[in-house]
Amino acid sequence: MSDLVEIRDLAVTFATDAGPVRAVDGVSLAVHPGEVLAIVGESGSGKTVTAKSILGLLPETATVRGAVVLRNKDGGEADVAQLSGSRLRQVRGRDAAMVFQEPSTALNPVFTVGWQIAEGLRAHGRMSKKEARAQAIDIMRRVGIPDPETRVDHYPHQFSGGQKQRIVIAQALALDPGVIVADEPTTALDVTVQAEILDLLRRCRDEFGAAVVLITHNMGVVADLADRVAVMYQGELVEQAPVRELFESPREAYTQQLLAAVPRIGEGLARAEVRAARRPEGWDEQEPVVSATDLRIVYPGRFRQPDFVAVDEVSFSIKPGEVLGLVGESGSGKTTIGRAMAGLTRVSGGSLSVLGVEMNGARERRIRPIRSRVGFVFQDPATSFNPLLTIAQCVAEPLVVHGRAESAEDARGRVDELLEAVQLPRSYGDRFPHELSGGQRQRASLARALALDPELLIADEPTSALDVSVQARVLDLFDELHRELGFAALFISHDLAVVDMLADRIAVLHRGRLVEEGTGAEVLGNPQDPYTRRLLASLPVPDPVEQAERRARWEAEAS
Amino acid sequence: MAATASSPRASRWTRLPVLAQLRQSVGLQRGMLVTGLVLTAIFVLTAILAPALAPYGFSQLRGHDGAFGAQQPPSAEHWLGTTQGGYDVLSRLIWGSRTALLVIIVAVVASILVGVTLGLISGYFGGWLDRTLVVIADAIYAFPSLLLAIVLAIVISGGQSSMWGGILAAALSITVIFIPQYLRVTRAEVIRIKSEAFVESARVIGAGHARIMVRHVLRNSTRTLPLILTLNASEAILTLAGLGFLGFGIEPTAAAEWGYDLNKAVSDVTSGIWWTSVFPGTAIVLVVLGLTLVGESLNDLADPRLRKRAAGAEPVEDLGVDVGPDEDPATAATPETTKEAAL
């Protein structure tokens with residue numbers, strides 16, 4: 001059987017305010033029947049544009065050259081790049097379908113999920129409402145939605161994130177297409193849910209016989225699911241190889257760099273040991289910088305809804321110079337704890353003492369003195385800078401506010417030092433935040449947090465918005481600065497591997513409760529809590545051979 | 001240092017509200033914007049150069065050779081004829097633009113000052129103050145705006161009508177109608193900006209409320225103002241004309257006013273004297289059209305979905321390669337090197 005999709009010399013150019021931008025440049029790819037082809041690359045590499053061109057989903061501003069030949073199961077073929085209007089609609093859904101990144105926005109909130117699945121069926125064939133409904137129920141059962149006869153009439157908000165993604169996949173599978181394009185299908189999901197969705201995508205291949213084009217930046221996901229990998233960079237195809245070959249012996253320099261940048265669990269142990277060895281005697285007896293006992297944070301419910309307990313009976317402490325890694329899935333309360341430590345969220349119960357100030361019931365006036373001793377790095381570097389101030393003015397802001405400098409110009413010397421400390425050239429001080437890339441902005445954010453030489457640094461998912469290779473640089477920088485400056489830190493992340501690289505101790509949060517706390521070796525090497533074990537097991541390892549073993553073990557345990 | 005300081009300033013020139021939009025517009029949108037700008041420019045220039053352009057004064061009734069005479073048709077002496085009261089229509093037209101411009105400026109400046117300040121405070125602090133202000137703003141919305149303007153015109157001018165008294169009365173009565181708009185728009189923006197990470201980061205740094213409000217929130221929440229400003233300017237003219245037409249405007253001896261002239265021309269229309277009503281009416285229509293075109297085009301261009309053009313590309317990440325302090329990293333040396341390695 002011939003290739004399902006054949007992309008020949010594809011070039012896509014977008015017309016933008018800043019002139020034409022070449023997003024994809026001379027890419028040739030083929031998707032074989034019944035395989036999972038992973039297209040990996042960082043943001044802006046053109047992977048999504050390439051995949052969307054398979055369905056002809058590019059916006060009007062795009063100009064497409066080259067051919068995208070799509071063959072259906074009956075042997076017919078069509079060049080999607082040339083099709084338009086009704087011909088294109090015929091091909092979509094029947095020959096190729098799409099699974100989107102964010103399941104909560106891919107489903108229409110005002111229609112039942114059954115209606116939305118049936119819509120695709122009815123658009124392509126004369127089918128009565130009853131038949132479509134029966135088929136929708138059938139497909140929902142096959143993607144693993146329990147009790148589909150009643151669930152078919154439910155609305156998207158009545159499903160969890162993972163179930164919503166199952167429904168989006170069901171929608172894609174409904175017409176039994178030859179190819180499913182999955183654009184970062186698990187990025188918006190938690191690790192434990194991710195494992196289930198990856199499993200379902202694998203079943204799409206095995207049971208439904210569909211080829212899957214998987215777009216992702218997560219090398220763990222690639223190792224878990226893909227048969228073949230295409231690496232893209234700057235709109236060009238860098239390398240194509242079967243998955244094992246690619247991970248074992250990447251040929252191109254960029255692929256090697258990309259693989260080396262992926263954090264792996266276990267790398268941080270050595271670093272933590274070195275740090276532990278360098279600590280002075282009597283360190284254990286020192287007064288902790290932060291100590292929480294039975295900390296409870298409640299968001300009051302609105303309109304007579306019950307209060308939401310975000311953090312419940314959490315106790316931990318951070319000693320001077322120590323890095324505590326806080327891990328948990330979305331909604332586990334990890335960010336809330338970080339915000340409470342910075343005085344951005346009210347503490348409802350228990351005790352949280354930061355640098356000797358009790359945060360429970362503290363007024364802004366009591367907190368302000370310690371503000372100069374606490375630094376904060378925000379998750380999204382794109383929004384944490386005032387867009388109208390230059391980087392130098394932003395970094396100088398804490399110095400000016402706390403009276404260490406008269407004005408931003410006055411603080412320029414110190415700002416230049418800080419920028420150099422985070423490996424940004426001095427001239428970047430005169431740029432505006434939008435003129436920097438994400439990684440550069442996050443380094444500037446680190447410079448701002450360190451401007452007053454804080455004793456405590458709170459980093460709230462500082463690398464989750466960044467690409468892998470950029471993340472590796474920012475994490476290295478963090479580690480280096482920590483060694484030089486010796487601040488205590490709370491490092492919040494959803495990624496165990498990232499936390500492992502930096503943290504001395506790791507605390508695992510689950511639904512607002514602290515389920516496990518200990519050194520990296522203890523928590524990751526010998527997890528006691530079943531939740532930690534599940535978290536570790538569902539984290540895909542960026543190594544296809546090892547991941548296959550892990551998956552076999554995981555499946556054996558599950559059954 | 002001088003070079004680095006001057007380059008952002010040079011680009012800032014092209015980022016000025018209207019100029020930036022003019023540069024990025026294309027096709028029909030550009031046509032609309034240019035038409036609007038030309039009409040507005042003619043209006044503003046006429047107002048500024050009124051003394052030089054107008055053949056007679058706005059309240060002049062007689063020339064060297066006696067009185068103009070009432071309701072004279074267009075002629076060599078009076079290009080656009082004379083009105084029922086014996087004024088020169090062209091001169092009234094030109095001087096009227098001056099009144100209109102002054103009213104616009106006073107009304108818009110006053111309503112921006114008050115509206116933005118209240119919106120900033122209301123949005124930033126929230127609570128009972130916010131609720132009270134919003135309820136008052138809603139209450140003002142509930143009144144027919146012209147009725148409100150009439151009441152205020154009477155209150156402010158106290159029945160007298162000097163030039164500035166009339167202008168202020170008209171402008172301030174318009175102000176009261178506009179304040180809720182600016183309050184609402186600013187408040188909505190402030191509430192959005194308030195939850196942005198950079199405002200939180202300013203709080204974490206320890207900046208006080210005043211500093212956060214002025215330095216971080218205010219400057220970021222005024223982006224939509226040029227847009228309402230142009231739309232409100234056209235509304236201000238309509239309100240002024242409405243007031244004048246209803247007889248609450250400025251007396252002809254104090255200043256020229258299009259609405260007043262229209263009012264006096266009502267009886268002329270039925271007797272076939274067209275020039276007294278057509279020209280002031282056209283003036284109002286053209287100025288409103290010009291300002292609205294500018295406003296609508298700005299509105300369309302500010303919205304990327306209506307603009308039909310995607311935003312610029314993200315800057316390239318620098319991977320792994322250390323950037324020396326003197327090297328200019330904007331050229332992003334890494335993609336090239338990686339591409340070479342890939343070849």
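Start at 1 and count along the chain as shown; that gives each residue its number.
Cβ coordinates come from backbone N, Cα and C, glycine included.
TrEMBL lists B:317-329 with the feature compositional bias 'Acidic residues'.
Annotation source TrEMBL lists domain 'ABC transmembrane type-1' at B:97-295.
Marked as region 'Disordered' by TrEMBL: B:317-343.
What TrEMBL lists as transmembrane segment is B:32-54 (among others).
Outside the transmembrane segment (B:100-121) by six or more residues, the chain places 43-44, 47, 129, 133, 167-168, 170-172, 174-175, 178-187, 189-190, 213, 217-218, 221-222, 225, 229, 232-233, 236-237, 240, 258, 287 with a CB less than 8 A from a CB of the stretch. Summarising the annotation, TrEMBL assigns transmembrane segment to B:100-121 (among others).
Annotated transmembrane segment per TrEMBL: B:133-156 (among others), in sequence order.
For the transmembrane segment (B:162-183), the residues of the chain that approach it from at least six positions outside its boundaries are 99, 102-104, 106-108, 110-112, 114-116, 118-119, 122, 133-134, 136-138, 140-141, 145, 148-153, 156, 225, 228, 232, 235-236, 239-240, 243, 249-251, 254-255, 257, judged by C-beta separation under 8 angstroms. Residues or ranges marked as transmembrane segment by TrEMBL: B:162-183 (among others).
Sequence-distant contacts of the transmembrane segment (B:225-250) (same chain, at least 6 residues past either end, Cβ-Cβ under 8 Å): 17-18, 99-100, 103-104, 107-108, 111-112, 116, 145-146, 149-150, 153-154, 161, 163, 166-167, 170-171, 173-174, 177-178, 181-182, 185-186, 257-263, 284, 287-288, 291-292, 294-296, 298-299, 302. Look at TrEMBL and you will find B:225-250 (among others) tagged as transmembrane segment.
Residues annotated as transmembrane segment in TrEMBL: B:273-295 (among others).
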For the transmembrane segment (B:133-156), sequence-distant contacts whose Cβ falls under 8 Å of one of its Cβ atoms, 6 or more beyond its ends: 118, 122, 165, 168-170, 172-174, 176-177, 179-180, 183-184, 187, 239, 242-243, 246, 248-249
